[in-house]
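What TrEMBL records for this protein:
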type: COILED; residues: 223-257; note: coiled coil
type: COMPBIAS; residues: 344-353; note: compositional bias 'Acidic residues'
type: COMPBIAS; residues: 354-377; note: compositional bias 'Low complexity'
type: COMPBIAS; residues: 443-453; note: compositional bias 'Polar residues'
type: DOMAIN; residues: 188-317; note: domain 'GAT'
type: DOMAIN; residues: 490-607; note: domain 'GAE'
type: REGION; residues: 337-377; note: region 'Disordered'
type: REGION; residues: 426-468; note: region 'Disordered'
């Protein structure tokens, strides 16, 4: 059955109350979108749940394809409000191939010289989803078809509008503190939505996954998400403590100046964030009532917030003398058990050395979740880097029957034919020098401190012939950018840093002494698909100096060993030569596999 027939059948069973609300919100007599009517549809869906998110997505996309451009624009505005207010259950529906094919039904094979307003709005929606929920959502692994549709349209020549920062902020996760109960409620809603979709599709693999999910939801199987939720709350509390420290410092500066700058947006935002967090802290205290230490720390944090809020009000009212009498202990955001990029392992005993050594990041994540969260919390605040787990089991891979040929020139089933023409069979072939579609942009802002060294990768050149064409006279310019050590590069013991589904990272020890170590990093592709955009980052303790030379490339074909090499020199600073603590490094590896951005990280002990 085609996707159009399937959508028509679903419309016949749609909730009549939902249909009436959507029709009122999209009636052509409206001169502009009615936010009140759109939010009424959202409230009805959020209240009833069940199959309503799917029905709403189907009805809305049908209206988007209306021949009346006014109805189309109103339906796109309604779709935008639904995506931003109905959460994961609706995100799951817009990520289906069936929905996306219907959304671009009226897009021609070749882009027109001038886009219609409806086409511009649809392109804007797809770009917004790609840059937000496909990258920052907790369930981003379920959004693969959105990324595929974006790549397909770009391949066909469609140009996407620039995403506005305020639009992205709505869909990106909020850093406001949430209680365990709130996070668990969100998790249950997501599990219920995923279960319904699995049962609706009814394939054997879907029913098997649905059975596992039902066991978790009914309590017969341990829910690993509960522990993850508690860790997330702990991370959010640490972030809140850092906000308290920053707010305290800004208020102290205001006290010294004798007035408060009410136009300072950062100060106002911090005040609002701390004000909103107070009832959440009270809720978490109730949830953690059996843990006396946690309750004590939370009560202290709540007292600090109360004091700072009072101090802010006094300064705002011009009462500087009484504001100066309120003193809050600084350093509430420091966590003694967490790692620190600059001072890590310099002030603590080596009692946790075995835990911090993550020779294999995947096994390290399973055995030491707290350590991994410390790393996430550490580097996620620097340069906009995002550390996220990529082993989210049970993610849905949606498939539908191909739509009829008359449904427009663009649909996701074109991926198969284009990939086949490239000899890749859907996964870029081992012999292919590049993927058939341009990989998503993976640029990040790497504004690290001096202890974190980032080497700019040299442009990838998979084939020897390409190098000869670029250098017809036989000059070896590569030696100018990355001089190799004169000692043997291949001899010496190997250290396995990490091996994941796609990439294996190893260090070859070239030279080692008590005060220095020279390494050759070799990165291999152990997966079935090419890896592109690979970037390896390293951080060392402040007692050491790091020299990270450029990578030999950033692309590795499937199954290629030692496809990328990189030399690393680490030397102990002169004023710390007596330090006998073992050298530990933090590392992070970013790359793209199968069109999906992957982040891996860990801590390794270079004994």
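Each residue, glycine too, has its Cβ placed from N, Cα and C.
Taken through DSSP, the domain 'GAE' (490-607) splits into 3 helix, 70 strand, 45 coil. The DSSP breakdown of the domain 'GAT' (188-317), given as helix, strand and coil counts, is 111 helix, 0 strand, 19 coil. Looking at the domain 'GAE' (490-607) alone, the prediction's average pLDDT is 87.
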